[in-house]
Every structure is written in structure tokens, then in C-alpha cells.
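The annotation active site, charge relay system is assigned in Swiss-Prot to His40. Look at Swiss-Prot and you will find Cys25-Cys41 tagged as disulfide bond. Among the features that Swiss-Prot reports, domain 'Peptidase S1' is placed at 1-50, with the record citing sequence analysis.
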Amino acid sequence: VVGGDECDINEHPFLAFLYSHGYFCGLTLINQEWVLTAAHCDRRFMRIYL
């Protein structure tokens with residue numbers, strides 16, 4: 001994350017995972033509309049519903 005800040009360990013306690021085409025990726029729910037995941041989890045035209 002470029003320009004990001006460190007957060008408290010309890011600030012974002014909710015996790016999710018994504019399974020697509022045989023791959024698992026972890027996600028962190030950072031607010032009601034956004035999840036944060038690693039760059040290698042990017043899949044074009046993917047839609048995520050929570």
C-alpha cells in the first residue's frame with residue numbers, strides 16, 4: 001500500500017476470503033464498501049458480493 005498508515009490490530013477485525021479459478025485470496029473488510037487484498041488476487045471482470 002503506497003502512502004498507507006499502520007493501524008491498530010483491532011481496527012479491522014473482519015476477514016473474508018475469495019475463491020476463484022482454483023485460487024484462494026484473503027481479504028480485509030476496511031469499511032462497508034471496500035475490501036483490501038493482495039495485488040496478485042486481482043482478477044479482471046471479477047465481481048465480489050458481500
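A Cβ is built for glycine as well, from the same backbone N, Cα and C atoms used for every other residue.
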Between the C-alpha atoms of Cys25 (disulfide bond) and the residue listed as 'active site, charge relay system', the distance in angstrom, to the nearest integer, is 9
Averaged over the domain 'Peptidase S1' (1-50), the pLDDT of the predicted model comes to 79
Same chain, |i - j| six or more, Cβ under 8 Å of His40 (active site, charge relay system); the result in sequence order is Cys25
Quick note, Cys41 (disulfide bond): same-chain residues at least 6 apart with CB under 8 Å of its CB -> Leu18, Tyr23, Cys25, Leu27
